[in-house]
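A quick write-up on the structure given underneath.
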Amino acid sequence: MMSASRLAGTLIPAMAFLSCVRPESWEPCVVPNITYQCMELNFYKIPDNLPFSTKNLDLSFNPLRHLGSYSFFSFPELQVLDLSRCEIQTIEDGAYQSLSHLSTLILTGNPIQSLALGAFSGLSSLQKLVAVETNLASLENFPIGHLKTLKELNVAHNLIQSFKLPEYFSNLTNLEYLDLSSNKIQSIYCTDLRVLHQMPLLNLSLDLSLNPMTFIQPGAFKEIRLHKLTLRNNFDSLNVMKTCIQGLAGLEVRRLVLGEFRNEGNLEKFDKSALEGLCNLTIEEFRLAYLDYYLDDIIDLFNCLTNVSSFSLVSVTIERVKDFSYNFGWQHLELVNCKFGQFPTLKLKSLKRLTFTSNKGGNAFSEVDLPSLEFLDLSRNGLSFKGCCSQSDFGTTSLKYLDLSFNGVITMSSNFLGLEQLEHLDFQHSNLKQMSEFSVFLSLRNLIYLDISHTHTRVAFNGIFNGLSSLEVLKMAGNSFQENFLPDIFTELRNLTFLDLSQCQLEQLSPTAFNSLSSLQVLNMSHNNFFSLDTFPYKCLNSLRVLDYSLNHIMTSKKQELQHFPSSLAFLNLTQNDFACTCEHQSFLQWIKDQRQLLVEVERMECATPSDKQGMPVLSLNITCQMNKTIIGVSVLSVLVVSVVAVLVYKFYFHLMLLAGCIKYGRGENVYDAFVIYSSQDEDWVRNELVKNLEEGVPPFQLCLHYRDFIPGVAIAANIIHEGFHKSRKVIVVVSQHFIQSRWCIFEYEIAQTWQFLSSRAGIIFIVLQKVEKTLLRQQVELYRLLSRNTYLEWEDSVLGRHIFWRRLRKALLDGKSWNPEGTVGTGCNWQEATSI
């Protein structure tokens, strides 16, 4: 029966492996069925239940210890295998058999003690073999002679003492890189490189750095051609260095790298004699790196390098520099991370590329004379330019690439006269002055790339980009605009495909700011101060694919619909904004949910307000913005009722006043027998006939007349209601042609109708003073209807007619009136039903 400890030793690795391949979670797998990263899972053997389709397998840091034959037969498609630090001590014959597609094998950090002659058999496609720190003592016993496809062999940090290249190297015809750095090689003899004489490897790059070199036999490298030779930290004294470099005589190398590594210097001193032996080499490109010595008279140091095409100094301290003059035939000069006493004087007729970056000292730029220069990189030097830029500054009219980024103050005093061939221009993180005073780039009609990011530029001039008709990429992040408003400054940039306006403190933009940018594909508006998403300015961007509005303060979209986004848009970034998750913005929040395929990292879009929803993902938001139907119905009905009441009160204000008066005076005494309504045109008849006969007759009747009985200073309407109707038993309406045409008379008549309706004892007596045309009478529908249906008195100016008229009128007025011969007037409001004649 299996012991508990043994069972645990089996189950723990198995469980670890299953955690790697379970379908629910492919971690730590990178690409299911293709790439598996199973580091540090405590495997003691090669897992056999990975899919056959596996192409990339990382088993590093597992205690495999032993690789037997056909260890990887389950992975016939394997292309990359990493076995770093797996404590492998033994590799048997055919361990990698069946891996015919394997191109990369990494064995770093394995203490190999037994390596069978057929250990690497079957690797018919292997191109890269890394055997760093594998206790390898000699290349002679390394069984790789059959790996004809091998391009890169790295055996650094081993115990190799001899540089002798075995005869099998003649089979490695595709070998391009051999790394023997950090071994124990001290001497190189002619016989060590015999195989390279017999079978030249013209593309071979050889790294011998960090070997304690003491001797190179003269002629050892004679007539040998290499692509690259690196010798860094190889020599412990200047004399040894001189001797070894002289031993390289006859070598033809495309690129030679000499020097030391940072903080690992062995040399105590360095002078011009160290490189004298280079005169016997044929070199195309030369690099000297990390010599932390104060070199004086550096030009004499490179007398043997006047004809190299490329010259490079990296991390070299130079006390004094004479002219880099026309004697040098360099086409490419690179000075990186060096220390200068002053900016060097450059006068190089054939130089096409100058890289002068990250240097210290000599902060003031001085003019150079480089008539063939096409590429100039002066970045990261802290340089200041009193005037920039024109042909006289650089001594060339052929310049196509100019990088002045990460420098000091650059004062723009010229619009690049003589530099019309420029295609690439970079000013980022320098301090530009006078940028908005004139059209700085007016001459640069061939410019394709422009970067003025973080240059303290304040755009106050709409013609700042005039002339840039060929520009495709514009980066201007970290600058500012007048009033934080983006104006129409891109009108000439019709070929622009990339525009970066991030971190510009923008709050608003012109609706036509981008109208001319029909070719624009990428627009970055992030890190600004927009509070709403305005889609209208983008309607003309028919080629736009990427729009970044992240890290603004966007709460919602503007009121217009969101259809103005171009149909070409594929990626919209609205992350890290201040979304307001309220009912007021429900349509915008719903739009976000509908456009989740368009939005970048939509799951990171979170609510900022209100406080109870802060931090909540917009996608998971579920706002109920519909009110209860009953509440809505009651609210609407209440509004309608209030509105109708208000309209009725306004329209029937005087009728309501009459109603209030009837309630107030309904049971009081009447002062008048009748209130007379008539036209002022009929006032003579009223005075001479009506008043005289009724008030002076027997019995006498008291009439209410406006010219006599209305109270001065009171509104006419109030007098009509309070003095006329409320204090009278009856109403006499004198109908005439003038009456019908008078608005006041009609108003009084309408109030009289309401009064008659409200008071059961009230009565209206109509007197038709003269014949009225029916067409005129029909204009007053209610009056016409009443006269048609009710009895009325008609005035006739004859003896008989008068007699009948006054008798009938007195009879009508006596109805409801208490009268005694002594002339005492009784109550008139006895609430008996009135008789209307």
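Cβ from N, Cα, C; glycine included.
According to Swiss-Prot, Cys607 forms a disulfide bond with Cys581, chosen from Cys581, Cys583, Cys625. Matching Swiss-Prot disulfide entries to the candidates Cys279, Cys338 identifies the partner of Cys304 as Cys279. Of the cysteines listed (Cys338, Cys389), Swiss-Prot assigns Cys389 as the disulfide partner of Cys388.
Annotation: no recorded positions among Cys279, Cys388, Cys389, Asn495, Asn524, Asn622 have CA atoms within 10 angstroms of the CA of Cys38 (disulfide bond).
Ranking the disulfide-bonded residues Cys38, Cys279, Cys304, Cys389, Cys625 by how many other Cβ atoms lie within 10 angstroms of each Cβ puts Cys625 at the bottom. Applying an 8 A CB threshold to same-chain residues 6+ apart, the list for Asn203 (N-linked glycosylation site) reads Glu176, His227.
Long-range contacts of the repeat 'LRR 3' (101-122) within the same chain, counting only residues at least 6 positions beyond its ends with a Cβ under 8 Å from a Cβ of the stretch, are 55, 60, 76-95, 128-136, 141-144, 146-147. Within 10 Å of Asn280 (N-linked glycosylation site), judged by CA to CA distance, lie the following recorded positions from the set Cys304, Cys388, Asn495, Cys583: Cys304. Taking Cα separation as the measure, Asn33 (N-linked glycosylation site) is nearest to Asn573 of the recorded positions Cys304, Cys389, Asn495, Asn573, Cys581. Across the repeat 'LRR 15' (470-493), DSSP classifies residues as 3 helix, 7 strand, 14 coil.
Proximity of distant same-chain residues to the repeat 'LRR 11' (372-392), defined by a Cβ-Cβ separation under 8 Å and at least 6 residues beyond the stretch ends, is recorded for 343, 349-360, 363-365, 398-414, 416-419, 426. If you draw a 10 Å sphere around the CB of Cys581 (disulfide bond), it holds 23 other CB atoms from the protein chains shown. The glycosylation sites listed here are Asn307, Asn622; among them, Asn307 has the most other Cβ atoms within 10 Å of its own Cβ.
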